[in-house]
Amino acid sequence: MSALRLIVGLGNPGQEHAQTRHNAGFRFVDSLIERSGARWALDSKLFGETAKVDIAGQPVWLLKPATFMNLSGKSITAALRFWKIEPEHLLVAHDELDLAPGTARLKFDGGHGGQNGLRDTIGLLGHGKFHRLRVGIGHPGHKDRVVPWVLGRAGREDDAAIGTAIDAAIDVLPLAMEGHFSEAMKRLHTSRDA
């Protein structure tokens, strides 16, 4: 695997969405910003906020699309074109209904699994050959409750578990940055914290 050059967190912009389950991807990249001391800057040509940080001595761009979840691909593809980055150097962090809170999983390639930000990105790229960080938010139990679930806030216990999973993912990120994605996956997937 090639080293990562762009990490995108999916979510919805605006204070009213800031603490929702759907914004787990935003939460991941915000945690990277907090650890690095960098700051977000609005970049209208990329339809989102951007920052450049170093992880394991490697420079990497961070992106938070301001397009709302369902149109995330517009921002992601603009950034890939502008920075001349191939999709295999991309990691997209997003919420995952099919994983329990406290669980995070890395993967490469695949479909969208019903996640609309991934659906839009895959549709615009024409393929799913990029890396993903799936941050578990749990499932409400019935498909009719999914929309209010993802747009709602997690309870205290689930919120803490999501934070722990994000921390575990950040801990293995240096391996992924160096091109050791399989090793990063192995460590994250066998971690007791994720």
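A Cβ is built for glycine as well, from the same backbone N, Cα and C atoms used for every other residue.
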Residue in HIS17, HIS142, HIS180 which Swiss-Prot records at the tRNA site where PHE68, ASN70, ASN116 also bind: HIS17
Around the tRNA site (HIS17, PHE68, ASN70, ASN116), what further same-chain residues have their C-beta within 8 angstroms of the site's C-beta centre? GLY11, ASN12, HIS22, THR67, MET69, LEU71, SER72, GLY117
Close recorded positions near ASN70 (tRNA binding site), where close means Cα within 10 Å, chosen from ASN12, HIS22, ASP95: ASN12
Using C-alpha atoms, which one of the recorded positions ASN12, HIS17, HIS22, ASN116 comes nearest to ASP95 (site 'Stabilizes the basic form of H active site to accept a proton')? HIS22
Cβ distance under 8 Å to ASN116 (tRNA binding site), same chain, sequence separation 6 or more: which residues? MET69, ASN70, SER72
